[in-house]
Amino acid sequence: MMKGLKKWGLFSLLAAMMVFLSGCGEEFISALKPAGEVAREQYNLLMLAITIMTIVVVVVTVIYLIAFFKFRRSKVGEDVIPKQVEGSHKLEIIWTVIPIILLLILAVPTVMTTYKLGDVAAMDEVDEDGNPVALTVDVTAKLYWWEFSYPKYDIVTAQELVVPTGEKVYFNLKAADVKHSFWVPAIGGKMDTNVDNLNKFYLVFDKESEDLKDGVFYGKCAELCGPSHALMDFKVKSVSPENFDKWVAAMQATEGQTADPESTDLGEATFAQSCIGCHAVSAVGAPVSLQQNPGPNLTTFGDRNRTAGFMDHTEEALQQWIKDPEKYKPGNLMTGKYQVTDEEIEALASYIMGLSVEEK
Amino acid sequence: MSSSVKKKGFGATVWDYLTTVDHKKIAVMYLLGGTLFFVIAGLEAVLMRIQLMYPENDFVSAGTFNQLLTMHGTTMLFLAAMPLLFAFMNMIVPLQIGARDVAFPFLNSLGFWLFFLGGLFLHLSFFMGGAPDAGWTSYASLSLYSPGHGVDFYVLGLQVSGAGTLISGINFLVTIINMRAPGMTFMRMPLFTWTTFVTSALILFGFPPLTAGLILLLFDRMFSAKFFDVMYGGNTIIWEHLFWIFGHPEVYILVLPAFGLFSEIIPTFSRKRLFGYSSMVFATILIGFLGFMVWAHHMFTVGLGPTANAIFAVATMAIAVPTGMKVFNWLLTVWGGSIKVTTPMLYALGFIPSFVAGGVTGIMQATAPLDYQLHDSYFIVAHFHYVIVGGIVLGLLGSTHFYWPLFFNRMLNETLGKITFWIFFIGFHMTFFLQHFLGLMGMPRRVFTYMPDQGWDLFNFISTIGAFLMSAGVILLVLNVIITAIKGEPAGNDPWGDTRTLEWAIPQPIPFYNFRQTPLVRGLDPYWIEKQEGNKEGMVYAEPLGDIHMPNNSIVPFVMSLGLFIASFGALYSPLGVADDSRTWAIPVLVIGLVITFGSMIYRSLKDDHGYYVTVAEIEALEEELYGKKGGNK
């Protein structure tokens, strides 16, 4: 009977907690609204941990309050000298053993999940032709922006990660300048992008991001990396496997695409003169080509959700950004690399906005 | 204080403090220095909270914000919490163990001046081209990339003040091992002395890794070495390890003395001996030991692999056991006692639930896969502020009230003290409780701004209001100190009535040699024992009244520290440095500074200083001056 009661007590506590916590945060960014297997495992651990910890807090609080109200000097008398108790072995053993048991309950799933989430062996699996089976994305973090390249398909993009739903997507994480950290709270915990080595982990995207408020999940840089650390956002678009294949094909079709300096479009001509040294407009090519195109690839700029990772995705915002990047993202590496007139900026903005691979 | 006894000119007083080796005066200097830096760092926090009050606020710029967050963390931990705890250690530990001073009074003074001048040097960065901006952790890739001299100030300032801390740590170890009065066995030492002892051991083993890391970073920054430059085969993860091998024990270095302080306050105002004394001692040692085994839990997301993460996760959870023992022992000390809610006790009572909350969120973060979500989010900010403010700062504020009569022979105003507590305590929870949820809702830490409509606006606003309340609390405390200084009446010894340990048995004001005769300790809580047996004197003595051997004052510690302070400017503008504005005078200044320091060391080594004796006649004359006729105003 007592046991049953306890179980129900625990269960209702857990349920209450879940209701309370799941009321928290926005679907596209909150770790409390998991939208993938990894985040869900972590959420479950959170619930388990919170339940155990709440029990601890409640027990301590109850003892504390009883002791406090029962043994006030006004209650026990002004001149009473309490018995000078030395201690109690029985009690010492109780409050050593019970916490150990509680910790074991938490430690076992912790260790299991640690190994589970750390398992990236499938990255190296290949089919008969030697092609990798799993989808791997190489993430390169640079000062205040993100590059995503897909070695399996030989395509590269920036700032907006596109992934298929329903499968494990593996990531190779690396930083090109200083340390950053890759985090999509609704999909799973973070992993650092070190300058020293390649980090590997996987995420699973359960549902298409289309129905979300902005149609994307929010991603963040979670490691202090300089003045604009707070602005080093990226977005994640999760699409159905079919749409993902379509997107890949569209990306591959941009092979050889470039800006023509002789173009009658002032925007394209200016781009060819002032921008193409850093920004590629073809998604096919060598990723992380630091020397050739050190800036974000702009092939899909028109399809994106934000300008510069966090500003509105409008021509006006883009014009402001091109005009004075330092004002919006202090410490960025684009400032001062080019000189363009206001007229050219307007043309550039409409040209860059037009770069798209998706059907509208 | 002796000011009422011997009127001295301002210059003489300054000279007295510059040269003093008296642990009580050094304690006062630590208290003043620590408070100064505490207020500065608190102000930095308020500026940051104002910036984060609204989304897309432009109160401070991104670069300034990073300087503020770096200096807030660095200052609070190295230059506020540590010296404030050192103030209490210096004041109380020698008195608690029945000693006339610490084992090395000269080193005690040296430790203080190194800390203070190192801290001063670090703060000059604000006026000399910008403060450090790579976080208090100063991770190597960012700290090497950081332009300007900010990080150089960090490296040099911490190196100098860190040396001071290490020296003080060694000093307390030796003091506690060697200077205990007859009968003060290890298992009769008050808990605060015990925690100081374990903390000092942690300093001894914890600071060298930081020193090593800083030296490597210093060579990288100042002489363009490549220890952390990946392009040349360096490795930045090594910095992270070195930093956290120091950094995690640092947390315990700070919190253990706070535990010790509460272990003095709680029994006093429960009128009951500490429950489970021996298990408290055991838990302290165990926490200190385990503290060195868990540093990589700060690095779960670095990619050390599942095995390392799993081991460190479980090791970290293990620390909860001795910490839990402590909490339950405190509760059981209160249980069956006679609780008097004074201001210090109020802080202790506020501490227990706050610290438990901080502790359990720590266990949540020990859960490695869960930490992938929590790490570097606002959750961790909430967690460590619950531990640091809920544990250490409440400990410091409570002890300020508790030990003020011991320091200055005055009582702080109790009513004002209780109001201060409530404002600070409510402000504290208001600031940090919601930050747990901000973290879970995806807000990363160390961000200078955030965009609206991510669900974070309201909680950030509330958090900022809480920060205002906390500052109001601190301002009230300062007012209380000022009022007490002007209006306070002499408190005498044992002003709280129920104190238990030796430091309260000494007559007030405390003579510079502490105990006219070394006391004999007859058990745990010696003063309580004597009081219970009706001994009006409060002590029994282990020796007859005789001449007292005391150390001479010396300006050498100050000069020695000043040399390093000067040398730091030379190193800062080194022509080989990363920052590109070197100065031609850099190398000469570096050399001059080092010559001053090493010159003072040679002087100190060659010149014998045997101290001096206070004769019995002088002792009796002084005591008559202080307390009137013998046995009078005690």
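Counting begins at 1 with the first residue displayed.
Every residue gets a Cβ built from N, Cα and C, even glycine.
Quick look at what TrEMBL lists:
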DOMAIN    B:9-522  domain 'Cytochrome oxidase subunit I profile'
TRANSMEM  B:27-48  transmembrane segment
TRANSMEM  B:68-89  transmembrane segment
TRANSMEM  B:151-179  transmembrane segment
TRANSMEM  B:191-219  transmembrane segment
TRANSMEM  B:241-262  transmembrane segment
TRANSMEM  B:274-296  transmembrane segment
TRANSMEM  B:308-332  transmembrane segment
TRANSMEM  B:344-364  transmembrane segment
TRANSMEM  B:384-407  transmembrane segment
TRANSMEM  B:458-483  transmembrane segment
TRANSMEM  B:555-573  transmembrane segment
TRANSMEM  B:585-603  transmembrane segment
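The stretches the transmembrane segment (B:191-219) and the transmembrane segment (B:274-296) are in mutual contact, each linked to the other by at least three Cβ pairs under 8 Å (pairs 6 or more apart in sequence). Distant neighbours of the transmembrane segment (B:274-296): 187, 191, 194-195, 198-199, 201-202, 205-206, 241, 244-245, 247-249, 251-252, 256, 259-260, 263, 266-267, 304, 308-309, 312, 315-316, 318-319, 322-323, 325-326, 329-330, 332-333, 335, 524; these residues of the same chain sit at least 6 beyond its ends, with a Cβ under 8 Å from one of its Cβ atoms. Panel annotation: around the transmembrane segment (B:555-573), residues 18-19, 21, 106-107, 109-110, 112-114, 116-118, 120-121, 149, 152-153, 156-157, 160, 163-164, 218, 222, 581-583, 585-601, 603-604 of the same chain, lying at least six beyond its termini, place a Cβ under 8 Å from a Cβ of the stretch. Across the domain 'Cytochrome oxidase subunit I profile' (B:9-522), the model assigns an average pLDDT of 95.
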